[in-house]
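According to Swiss-Prot:
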type	residues	note
ACT_SITE	Asp101	active site, proton acceptor
BINDING	Asp6, Cys7, Gly8, Asn9, Ser10, Phe11, Ile12, Lys13, Thr124	ATP binding site
BINDING	Tyr92, Gly99, Leu100, Asp101, Arg102, Thr180	substrate binding site
BINDING	Asp121	K(+) binding site
Amino acid sequence: MILELDCGNSFIKWRVISPGGRERICAGIVDSDDGLFEALAGSGVKVQRCRLVSVRSDAETEQLVTRLKASLGVEVVCAQSSSQVGGVRNGYHDYQRLGLDRWLALLGGYHLGQRACLVVDLGTAVTADFVSADGEHLGGFICPGLPLMRDQLSTHTRRIRYDREVALAALQELEPGRSTAEAVERGCLLMLRGFVAEQLAQARSRFPGGFEVFLTGGDAELVRDAVPEAQVVPDLVFVGLAIACPLS
């Protein structure tokens, strides 16, 4: 079995797949290294190989890799920056500066679409990347995601305070808010949708011959109905990870 890890800024997304990658055995999201090992122990699955992508610091990533090797007895393959992989050419002036999660997501999108594509990852931050039909990464955009927008308002505005349940309830519709929670949550979501709409407009201009749209990340479902042509692929980073780090 192969353990795949996507170590983000706030959470670790994990899944165990069959050796050929065709079957997902189990999966989950945890908020700490301890939570990861508890989840793996509870799954009862024996892992033979492991590959991961991390946007953590080098020290934090190395600490996790060391623990994985000691606890699971496996070698760990880590995704690295590259100028070209899987038919896609990195579009950054300095390819090492492109976030690994973005790189893998656009690799995954191009692999699935097999033509020009727009890849939007809606997490703590929101990223949008454009890939041409011949695999040229044309660059992209980054903006705060819902968690960051929400946190900034609560941090810098004393009277904005509400819990997660209230936030979720506020997003059931997008009418003008009749409470602070509704006004904040709906306003932030409308900003997010506006960002995505602009990416679509740019993609239509850049790719007159047609393109695919891929949404991924924890908040992808919140903009799905605004982008009916999009494919929501929760594991898009893992699709790219398999391309960047093949395991024989």
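Quick reminder: no glycine exception, Cβ is built from N, Cα and C everywhere.
Feature map: Swiss-Prot annotations on the structure.
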residue: Asp6; record: ATP binding site; Cβ neighbours (10 Å): 25
residue: Gly8; record: ATP binding site; Cβ neighbours (10 Å): 20
residue: Ser10; record: ATP binding site; Cβ neighbours (10 Å): 10
residue: Ile12; record: ATP binding site; Cβ neighbours (10 Å): 21
residue: Tyr92; record: substrate binding site; Cβ neighbours (10 Å): 16
residue: Asp101; record: active site, proton acceptor; Cβ neighbours (10 Å): 26
residue: Arg102; record: substrate binding site; Cβ neighbours (10 Å): 22
residue: Asp121; record: K(+) binding site; Cβ neighbours (10 Å): 28
residue: Thr124; record: ATP binding site; Cβ neighbours (10 Å): 18
residue: Thr180; record: substrate binding site; Cβ neighbours (10 Å): 16
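With respect to their backbone Cα atoms, Asp6 (ATP binding site) and the residue listed as 'active site, proton acceptor' stand 8 Å from each other.
Under the DSSP three-state reduction, Asp121 (K(+) binding site) is assigned to strand.
The Cβ of Leu100 (substrate binding site) has 23 other Cβ atoms within 10 Å, all protein chains considered. Residues listed for ATP, Asp6, Cys7, Gly8, Asn9, Ser10, Phe11, Ile12, Lys13, Thr124, cover a largest CA to CA span of 14 Å. Taking the Cα of Arg102 (substrate binding site) as the reference point, the closest of the binding-site residues Gly8, Ser10, Ile12, Asp121, Thr124 is Asp121. Closest in space to the residue listed as 'active site, proton acceptor', of the binding-site residues given as Gly8, Ser10, Tyr92, Thr180, is Gly8, taking the CA atom of each residue. Among the binding-site residues Tyr92, Leu100, Thr180, the residue whose Cα lies closest in space to that of Ser10 (ATP binding site) is Leu100. Site extent for substrate: the farthest pair of Cα atoms among Tyr92, Gly99, Leu100, Asp101, Arg102, Thr180 sits 40 Å apart.
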